[in-house]
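As recorded in TrEMBL:
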COMPBIAS  615-644  compositional bias 'Basic and acidic residues'
REGION    614-663  region 'Disordered'
TRANSMEM  20-38  transmembrane segment
TRANSMEM  45-62  transmembrane segment
TRANSMEM  101-123  transmembrane segment
TRANSMEM  135-156  transmembrane segment
TRANSMEM  177-197  transmembrane segment
TRANSMEM  217-240  transmembrane segment
TRANSMEM  289-307  transmembrane segment
TRANSMEM  342-360  transmembrane segment
TRANSMEM  372-393  transmembrane segment
TRANSMEM  515-535  transmembrane segment
TRANSMEM  547-567  transmembrane segment
TRANSMEM  579-600  transmembrane segment
Amino acid sequence: MAGESRSGGDALDPICTTGISFPATVCGYPISIFFIVVNEFCERFSYYGMRAVLVLYFKYFLRWDDDFATTIYHTFVALCYLTPILGAIVADSWLGKFKTIIYLSIVYALGQVILAVSAIHDITDANKDGTPDNMGFHVALSMVGLILIALGTGGIKPCVAAFGGDQFGDHQEKQRSTFFSIFYLSINAGSLLSTVITPILRAQECGIHTQQKCYPLAFGVPAALMVVALIVFIVGSGMYNKTAPQGNIMVKVCRCIGFAIKNRFRHRSSQYPKRAHWMDWAEEKYDKLLIAQVKMVLKVLFLYIPLPMFWGSRWTLQATTMNGDFGILIIQPDQMQTVNPILILILVPIMDSIIYPLIAKCKLNFTPLKRMTVGMFFAALAFVAAALVQIQIDQTLPKFPSSNEGQAKFINMMNKSLPIKAGANQFMLEFLNGFASTVNVTVRNEDFGDIVTNNMSKYIAKILFPKWCFSLCVYNQKFGFGSSYTYIITPTFCQEGIRPVLDIRPNSIHMAWQIPQYFLITAGEVVFSVTGLEFSYSQAPSNMKSVLQAGWLLTVAVGNIIVLIVAEAATLPDQWAEYILFASLLVLVCIIFAIMAYFYTYIDPTKIEAQFAQKEPDEKQKRKSLEMARKDSVEHYKGDRRSSDSSSDSSSDEDDVIQQSKM
């Protein structure tokens with residue numbers, strides 16, 4: 001940590017960053033963290049805003065099919081959660097957290113700008129028809145932009161949280177805990193606003209020659225927010241407590257672990273005495289401080305093994321079979337996901353200011369690992385709630401033909417029974433005009449044209465057709481979400497009217513029934529994720545804070561991959577059964593994690609490192625003295641050999657003289 005002199009005099013400036021002092025505070029919190037929180041809010045707005053319209057951009061602008069667009073989207077998201085390891089290595093080993101955030105934020109902002117430029121269709125629209133003439137150029141720009149964004153957002157993810165934790169001293173544990181809650185709050189505030197605002201920006205029309213959906217604006221605003229995030233972070237530069245990197249620590253750690261395993265394998269025989277920990281077999285080559293730090297990291301990473309199962313819920317598809325009419329507004333299925341960040345904004349302050357203090361007053365030892373266990377249990381309950389809702393939905397759904405069946409519908413418009421014989425062809429009729437003349441169909445203000453006799457129409461909301469008396473006959477029908485009707489028009493419709501036949505009932509289960517499961521999963525996330533961020537920081541050695549943050553984020557990537565694998569491999573016929581499977585796996589993982597947490601011993605890395613730092617000079621002195629003694633013994637041994645050799649030579653010479661005298 002570098003010091004910085006401000007004004008004259010010998011007094012220590014509280015803003016100066018040294019090994020002893022910490023930044024100036026307001027209400028017990030360093031001023032610097034406000035810049036970090038604002039930076040995180042803007043960065044998350046930028047990321048989630050861009051991501052909200054990315055699939056639509058792939059499908060409607062780049063003209064990719066659904067499967068390919070989805071594959072590229074998930075590949076991009078996975079890359080964003082895999083690159084934190086790279087950012088953590090660069091931060092802890094080479095540049096330090098501050099410079100890593102600055103440099104990778106520039107890469108991030110550049111990627112956002114390139115993506116926004118790639119969405120301008122007028123760049124290659126030479127004939128001004130609204131369609132880019134060189135789609136390969138736009139695809140190439142898009143991929144370059146997304147790769148830079150993945151490197152940027154992934155690289156700074158572990159550094160920002162760890163850098164925020166660095167702003168607090170050892171005496172500010174409570175404030176540091178609150179900071180991680182505020183930090184998580186800023187993430188979800190940015191996510192919520194961007195997922196609401198960016199689709200609105202995309203819906204606007206813009207262009208030089210032709211008006212199209214405004215993807216440049218939808219990507220341009222997040223790019224501007226990323227530039228703002230970078231500027232805000234740089235403005236607070238003079239107030240930060242900056243921890244210097246300590247060499248290529250990841251290489252040292254990997255070599256230390258490799259040497260310990262190799263050395264243990266060499267001495268696997270029972271004649272060698274056992275050691276307290278398998279990492280202690282590295283003592284012959286590496287100092288005890290590094291070995292102790294590796295032990296700390298491995299203890300936490302071992303705890304992370306069950307955690308990936310927590311991440312991932314597939315409830316958007318469930319919402320497509322539900323009724324989203326809330327009276328004053330209509331909620332689309334993908335908009336129900338905004339319930340999660342809204343509840344996070346509500347629950348984080350409640351947990352910090354009400355729930356946790358109440359638990360503390362009851363003198364219950366609610367440790368971080370116990371909180372995380374409770375969070376996983378809440379997640380399991382959320383999937384159980386989702387399964388119960390799905391069972392109710394399934395009772396209202398129509399029975400569709402299976403993969404080896406077909407469905408046909410026959411409408412008898414004669415006044416007698418007719419025998420029906422279906423041939424080899426399989427077909428389905430939705431709307432049939434049996435009237436002797438054409439029927440004009442309109443949906444709101446959109447005209448679908450005339451439907452000729454015995455032909456089918458699309459789903460309709462309003463039907464207009466002429467009477468024999470040339471007056472207008474209007475039929476109105478209100479559709480519900482997911483409903484399907486067949487309308488029968490007979491030659492006597494003026495007297496009898498149109499006869500509607502309900503094929504598929506409207507969705508009768510309201511989307512509001514998803515709120516309990518969202519509440520449970522969000523409560524679990526608040527208890528689990530916020531605590532996990534804090535735990536990862538508090539149990540990490542000083543030179544590997546970012547590495548453990550990256551390890552925590554890696555559980556998110558692995559969790560999403562596991563969800564996809566389980567969903568594909570299980571091939572369960574009913575959706576509720578899949579939810580129960582996830583709930584069961586979460587309960588199993590929760591039990592395993594609780595057992596692992598029970599045997600975990602909390603440590604204070606600062607104290608341990610301080611103890612080894614005090615011992616280190618003595619250890620080095622001992623090593624020096626041992627090396628000197630070894631050198632002296634070697635030199636003494638060589639000297640003895642030389643003297644013995646010289647004495648033997650002289651004795652042989654004397655023997656020769658005696659021999660000659662005798663002769």
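Just so it is clear, glycine is given a Cβ too, placed from its N, Cα and C backbone atoms.
As the structure is a computational prediction, the values presented were derived from the model and not from experiment.
Of the Cβ pairs linking the transmembrane segment (579-600) with the transmembrane segment (289-307) and spaced 6 or more residues apart, 3 or more are under 8 Å, so the two regions touch. When each of 101-123, 135-156, 217-240, 289-307, 515-535 is checked for Cβ pairs under 8 Å to the transmembrane segment (45-62), 217-240 comes out on top. The stretches the transmembrane segment (101-123) and the transmembrane segment (217-240) are in mutual contact, each linked to the other by at least three Cβ pairs under 8 Å (pairs 6 or more apart in sequence). Using a Cβ-Cβ cut-off under 8 Å and counting only residues 6 or more beyond its ends in the same chain, the transmembrane segment (135-156) has close neighbours at 43, 47, 50, 57, 61-63, 76, 79-84, 86-87, 90, 100-101, 104-105, 107-119, 121, 123-124, 553. With pairs at least 6 apart in sequence, the transmembrane segment (515-535) and the transmembrane segment (177-197) have 3 or more Cβ pairs within the 8 Å limit; the two touch. For the transmembrane segment (289-307), same-chain residues at least 6 beyond its ends with a Cβ under 8 Å from one of its own Cβ atoms are 252-253, 256-257, 260, 277, 279-280, 282-283, 369, 372, 532, 535-536, 539-541, 543-544, 547-548, 551-552, 554-555, 559, 589, 592-593, 596-597, 600, 603, 605, 608-609, 612-613, 616.
If one looks beyond the transmembrane segment (342-360) by at least 6 residues along the same chain, the residues whose Cβ comes under 8 Å of a Cβ in the stretch are 178, 181, 184-185, 188-189, 192, 366, 518-519, 522-523, 525-527, 530.
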